[in-house]
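J.: Have a look at this one before I ask anything.
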Amino acid sequence: MAAGAGAGSAPRWLRALSEPLSAAQLRRLEEHRYSAAGVSLLEPPLQLYWTWLLQWIPLWMAPNSITLLGLAVNVVTTLVLISYCPTATEEAPYWTYLLCALGLFIYQSLDAIDGKQARRTNSCSPLGELFDHGCDSLSTVFMAVGASIAARLGTYPDWFFFCSFIGMFVFYCAHWQTYVSGMLRFGKVDVTEIQIALVIVFVLSAFGGATMWDYTIPILEIKLKILPVLGFLGGVIFSCSNYFHVILHGGVGKNGSTIAGTSVLSPGLHIGLIIILAIMIYKKSATDVFEKHPCLYILMFGCVFAKVSQKLVVAHMTKSELYLQDTVFLGPGLLFLDQYFNNFIDEYVVLWMAMVISSFDMVIYFSALCLQISRHLHLNIFKTACHQAPEQVQVLSSKSHQNNMD
């Protein structure tokens with residue numbers, strides 16, 4: 001009883017930190033049902049590989065464990081590459097690129113079968129969907145940084161900046177249109193195609209050397225590295241045109257609003273603020289903080305992006321409003337204030353402070369979120385409740401995208 005009283009008398013900020021969702025949000029979360037549609041170009045042939053791979057996954061392995069393992073592999077392999085190429089202008093040993101290619105392929109494979117494992121073990125839940133998308137938000141950042149290093153985009157800082165943040169923007173838009181329409185839509189060119197393309201970039205860098213991307217194409221007089229950038233840009237335009245077609249044509253809420261009854265444009269404030277802050281700090285830096293430490297800079301803002309994306313997913317699943325105020329902006333805010341006061345503290349030191357603050361804030365929020373939902377739904381995050389045979393799981397329509405459905 002004393003313990004309960006102590007918990008009840010805890011400061012409001014502490015309760016908000018340990019329990020991010022309100023009682024009303026938790027109730028609406030119980031009613032949430034995963035809804036997705038669309039099949040990308042590479043999904044049909046890869047389904048054969050994913051189905052084969054699933055046979056080797058033991059029934060006792062929880063879907064969230066598969067997701068986390070894939071993320072860990074992707075993060076670790078990318079960090080190895082970053083350690084050799086902190087400015088994305090260096091050339092790393094060939095094996096680091098192969099390691100990143102393998103790490104990304106493993107991540108893609110495990111990310112594709114976690115939903116299949118959930119249905120196989122009858123453990124589909126809102127927690128699994130949230131965990132999957134939350135890990136994807138962070139993986140997006142590491143994929144962008146790793147691929148940019150492989151193509152030596154650090155020699156063109158503006159390209160490095162553009163490719164990294166546009167990658168985050170596309171991921172955010174995918175969930176933005178989900179918040180508006182209530183359904184996650186996959187296009188013909190989607191995340192699977194991008195991941196396979198990045199694996200190819202890593203392999204080419206391994207066998208041709210990262211400097212191969214600096215080769216000038218005769219007649220065209222452009223660097224070879226611009227070709228993957230243009231291909232990526234084409235995919236971005238294709239995907240974003242589809243996303244904004246859904247967003248601008250109104251949502252499923254009252255009077256064409258979002259699933260939470262808010263403006264369909266409101267989520268744009270969050271990603272817009274991240275990008276504007278990143279551009280301002282980059283361009284106003286007296287010490288060229290981005291040019292000298294691009295990977296650290298992108299990772300810091302990537303943590304901010306990951307948390308905001310996680311909150312957007314939560315807003316969709318709980319049909320609630322997405323608020324702009326967030327402690328995760330403290331990190332970029334420190335850099336902004338340091339520039340305002342003429343770099344009173346060394347900008348590199350402040351960048352590291354911002355990285356620590358943003359990463360801890362993101363991890364603490366996501367951990368508290370998963371723990372609160374697991375307690376409310378009486379689920380274990382990394383254990384399956386039962387081992388149900390595959391034939392007992394309902395087969396969904398082939399028109400629905402099932403890869404990431406937990």
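Cβ atoms here come from the backbone N, Cα and C positions, even for glycine.
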J.: Is TYR156 placed by Swiss-Prot on the same side of the membrane that TRP60 is on?
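T.: The record shows them split across the membrane, with topological domain names that differ.
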J.: Test of understanding: applying the rule of at least three C-beta pairs under 8 Å (pairs 6 or more apart in sequence), is the transmembrane segment (347-376) touching the transmembrane segment (294-316)?
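T.: Checked: the transmembrane segment (294-316) vs the transmembrane segment (347-376), in contact.
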J.: So, do the transmembrane segment (63-83) and the transmembrane segment (126-150) meet, by the test of 3 or more Cβ pairs under 8 Å (sequence gap 6 or more)?
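T.: Yes, the stretches contact each other.
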J.: Can you tell me which of the recorded positions ASP111, ASP114, GLU129 is spatially closest to ASP136 (Mg(2+) 2 binding site)? Compare CA atoms only.
T.: ASP111
J.: Over the topological domain 'Lumenal' (282-293), what is the model's average pLDDT?
T.: 96
J.: What does the DSSP secondary structure composition of the topological domain 'Lumenal' (340-346) look like, as residue counts for helix, strand and coil?
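T.: So the counts come to 1 helix, 0 strand, 6 coil.
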